[in-house]
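Undergrad: Sharing a structure here in structure tokens format.
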Amino acid sequence: MASPSKRREMDMMKLMMSDYKVDTVNDDLHMFYVTFHGPTDSLYEGGVWKIKVELPDAYPYKSPSVGFVNKIYHPNVDESSGAVCLDVINQTWSPMFDLINVFESFLPQLLLYPNPSDPFNGEAASLLMRDRPAYELKVKEYCKRYAKPEDIGAPEEISSDDDDDDSMSERGSDSDDNDEVAGKADP
């Protein structure tokens, strides 16, 4: 089998070539963000989340760390940290899985089939078991409030980690006078 670093690169390339928007931090393949859309026909449909992914040095032999950056109301996601309680990622991970599995299978399944008996968010689990209509209303409220495209940090937050691009774009847009002068000086 390929070395962990080769496998990490291969899985990152597969993820980047897929339909997911991937933003690396300083071109580091150990930590990056993925734009994730709520599954169709779910309470989370229409929601957009920024998912932080950290790959350990031993990936794929050790599971990635996955967490929601913007808020989501779910029994198996810690509301304050965004940490995900998902057995397949945390306990039964296998090198047979890759990053595409995380975003095409594991996270959609988590959102479609919450497990209130193994909660990270006790309040959400209790509400789901006690009053499903109220739980569904709260999920939809969180989606409207915290899971719009502008809530995922858009390019500003992500590019702030990339010093060169951010500083260049800020300098270029600070003053309209500079743009005008530069335009007139060029024949």
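Just so you know, glycine gets a Cβ as well, placed from its N, Cα and C.
Note that the structure is predicted; figures quoted are calculated from it, not measured.
Annotations for this protein, taken from TrEMBL, read as follows:
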type: DOMAIN; residues: 1-148; note: domain 'UBC core'
type: ACT_SITE; residues: CYS85; note: active site, glycyl thioester intermediate
type: REGION; residues: 148-187; note: region 'Disordered'
type: COMPBIAS; residues: 158-167; note: compositional bias 'Acidic residues'
Undergrad: Other than its own, how many Cβ atoms are within 10 Å of the Cβ belonging to the residue listed as 'active site, glycyl thioester intermediate'?
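TA: Its Cβ shell of radius 10 Å holds 17 other Cβ atoms.
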Undergrad: For the domain 'UBC core' (1-148), would you mind checking the mean pLDDT of the predicted model?
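TA: Averaging the confidence scores along the domain 'UBC core' (1-148) gives 92.
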